């Protein structure tokens, strides 16, 4: 077996076993807290405490949304953190929602319900893997960074639990068949090539005049979410799913406009790929990308 020269080994050892800055640990601790919430949701679901299980999933999604931002804010990005974040997302937004739905209603179908749960979990895994492999892939479409390819894993997990939200707000429980078909539909939306608006531009720049109203809106939203969580999640899930066709239409419209402009400039549009590819923005190319996966 070939060995590195002895003179090179100490340098490698220092890189592997050297001290780690605290700023690198902070975002990873947030990711681990999200993982703890996701795993705890499984236990709560087994014990029949569905409200706490759903609350834990929401808490994990909130933590998942801030760990990358915290990492960039304190310059704590790391390759380890990016890999840990992806693994935690698979557990929190793939395995956990699938098990919650199975324990809640899909178990009535026995093996068929279990297969549906597995399909959802695997779809989440594939969605995350595709996101990770596309981070460094460029796109010839300048607007593509504003879209995800398929429904992100965290939002897919929050939306697939919609049948449970409806029960918690007092509506009749949907038939198990509807829940099963809805689970498979969400799995398909995650692995599809559907362009989904990412909303990254919304928080890019805020004018001074809009700063105060925005803060007030965020505070009010948090207050309503805490006071009426299931209503907010139900309405939010329905609105998000209803907006998907509009997202697809907007992408296609921008694509046609771009191709027409390229054709008018000398046929450069011939080099534009036909596939609907949604790469991450420049900020997502860092070691710890902005995740909705």
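Keep in mind that glycine also has a Cβ here, set from the backbone N, Cα and C atoms.
Feature annotations, reproduced from TrEMBL:
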TRANSMEM  20-42  transmembrane segment
TRANSMEM  48-66  transmembrane segment
TRANSMEM  87-106  transmembrane segment
TRANSMEM  112-129  transmembrane segment
TRANSMEM  141-166  transmembrane segment
TRANSMEM  178-198  transmembrane segment
TRANSMEM  210-228  transmembrane segment
DOMAIN    211-245  domain 'CDP-alcohol phosphatidyltransferase C-terminal'
TRANSMEM  234-251  transmembrane segment
REGION    262-293  region 'Disordered'
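Secondary structure of the domain 'CDP-alcohol phosphatidyltransferase C-terminal' (211-245), assigned with DSSP and counted as helix (H, G, I), strand (E, B) and coil, comes to 34 helix, 0 strand, 1 coil. Through the fold, the transmembrane segment (48-66) approaches residues 30-31, 33-35, 37-38, 40-42, 85, 88-89, 92-93, 96-97, 100, 104, 154, 157-158, 161, 164-165, 168, 229-230, 233, 291-292 of its own chain, all at least 6 residues removed from its boundaries and within a Cβ separation under 8 Å. Tertiary neighbourhood of the transmembrane segment (87-106): same-chain residues 31-32, 34-35, 37-39, 41-42, 45-46, 50, 53-54, 57, 60-61, 64, 113-114, 116-118, 120-125, 128, 153-154, 156-157, 160-161, 163-164, 173, 176, 179-180, 183, 291, 293, selected by CB-CB distance under 8 Å and a gap of 6+ residues from either end. Packing against the transmembrane segment (141-166) from elsewhere in the chain are residues 50, 54, 57-58, 61, 64-65, 89-90, 92-94, 96-97, 100-101, 104-105, 120, 123-124, 127-128, 130-131, 134, 173-174, 178-179, 182-183, 186-187, 189-198, 200-201, 230, 233-234, 236-238, 240-241, 244, 247, 251, 254-255, 258, 272, 276-282, 291-293: each is 6 or more residues past its ends and has a CB under 8 Å from a CB in it.
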